[in-house]
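Novice: What follows is a structure written as structure tokens; I'll ask about it next.
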């Protein structure tokens, strides 16, 4: 099973996979699973034009652990086997989260690409580790209390304006809230295990309220926002990957203290000074990759741009998409 943000899934020894866009709509008297043994532990019915979960007769699969019904026409969550640990309903027509009361062993739930407006009826799923709501119509982060085993939460592509109500997610490691309407970094105080924050394509204008993540945050993706300065980023002393592409940043000030930085993605900003690259970044001995393409310093010096960056930062292994050979002293 896969999702928008992760390649992880399960591969049980016994499973059924049907992926056929030409399969006709399933009616109550027309069950694709009639010939499937009762003891399978994984069923995948993808692009099968299924409209009703009830018509599948899933109750006879007493050992079913993983159910994937991606890219169908399901409007209602129902008849969910209580033995499930993974449920994938990505890309259906679901408008409401319901009928999960008895599915208490779920560790993975994907409801991405549906029509859900409100997060509800899931805080009893105490074992959830991965939860996905990509591309729905959700306006508010709420009703997640009790999900203290959750490590990965994906809320990208919704209508969320505020990061809130995450205090009980004390084991959260990855938070994805890209492509929303968020204007501010806030309410991270309780997320003491957060190592990755993706907040791309929002309305962020400054780095703020991040000191509480200084010891844990390793990856920060904040491209396509309204940032004009790195001020406030200096508190993230353990940051390893920083993506600020497609903002309006003019200077590299405040980066000199990020001693653990390995990758800096800063394409399509307003950076113009090679001297700043040397002054601010030459002390970052772990820095291996930089992206400066699309900045004035590249557009006004296209022929010598990469060589000048390499002279400023001889430790680099990659400039933009170009890998630097270990024996190379300059670009051709």
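Heads up, the Cβ atoms here are built off N, Cα and C, so glycines get one too.
Copied straight from Swiss-Prot:
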type   : residues : note
REPEAT : 63-82    : repeat 'LRR 1'
REPEAT : 83-104   : repeat 'LRR 2'
REPEAT : 105-126  : repeat 'LRR 3'
REPEAT : 127-148  : repeat 'LRR 4'
REPEAT : 149-170  : repeat 'LRR 5'
REPEAT : 171-192  : repeat 'LRR 6'
REPEAT : 193-214  : repeat 'LRR 7'
REPEAT : 216-237  : repeat 'LRR 8'
REPEAT : 238-259  : repeat 'LRR 9'
REPEAT : 260-281  : repeat 'LRR 10'
DOMAIN : 295-332  : domain 'LRRCT'
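Relative to the rest of the structure, where do these features sit?
Specialist: Same-chain residues lying 6 or more positions outside the repeat 'LRR 1' (63-82) and placing a CB less than 8 Å from one of its CB atoms are 1, 10, 12, 15, 25, 38-54, 56, 88-100, 102-105.
Mapped onto DSSP helix, strand and coil, the repeat 'LRR 2' (83-104) counts 0 helix, 3 strand, 19 coil.
Residues 1, 3-4, 82-98, 132-149, 154 of the same chain lie 6 or more positions beyond the ends of the repeat 'LRR 3' (105-126) yet place their CB under 8 Å from a CB of it.
Long-range neighbours of the repeat 'LRR 4' (127-148) within the same chain, counting only residues 6 or more positions beyond its ends whose Cβ lies under 8 Å from a Cβ of the stretch, are 3-6, 8, 85, 90, 104-121, 154-166, 168-171, 176.
Within the model, the repeat 'LRR 5' (149-170) carries an average pLDDT of 99.
Within the chain, the repeat 'LRR 6' (171-192) has long-range Cβ neighbours (under 8 A, six or more residues past its boundaries) at 5, 134, 148-165, 198-205, 207-210, 212-213, 215-216, 221.
Here the repeat 'LRR 7' (193-214) has, by DSSP, the following mix of helix, strand and coil residues: 3 helix, 3 strand, 16 coil.
Residues 178, 191-208, 210, 243-255, 257-260, 265 of the same chain lie 6+ residues outside the repeat 'LRR 8' (216-237) yet bring a C-beta within less than 8 angstroms of a C-beta in it.
Across the repeat 'LRR 9' (238-259), DSSP helix (H, G, I), strand (E, B) and coil residues number 0 helix, 3 strand, 19 coil.
Same-chain neighbours of the repeat 'LRR 10' (260-281): 223, 237-253, 287-297, 300, 308-309, 312-313, 320, counting only residues six or more beyond its ends whose CB sits under 8 Å from a CB of the stretch.
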Novice: Go through the chain and flag residues at least 6 beyond the ends of the repeat 'LRR 2' (83-104) whose CB is under 8 A from any CB in it; none is fine as an answer.
Specialist: 1, 3, 9-10, 61-77, 110-122, 124-127, 132
Novice: With Cβ-Cβ distances below 8 Å as the criterion, list the same-chain residues six or more beyond the ends of the repeat 'LRR 5' (149-170) that contact it, or say none.
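Specialist: Here the qualifying positions are 3-6, 107, 112, 126-143, 176-193, 198.
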Novice: Taking helix as H, G and I and strand as E and B in DSSP, count the residues of the repeat 'LRR 4' (127-148) in helix, strand and coil.
Specialist: 0 helix, 3 strand, 19 coil
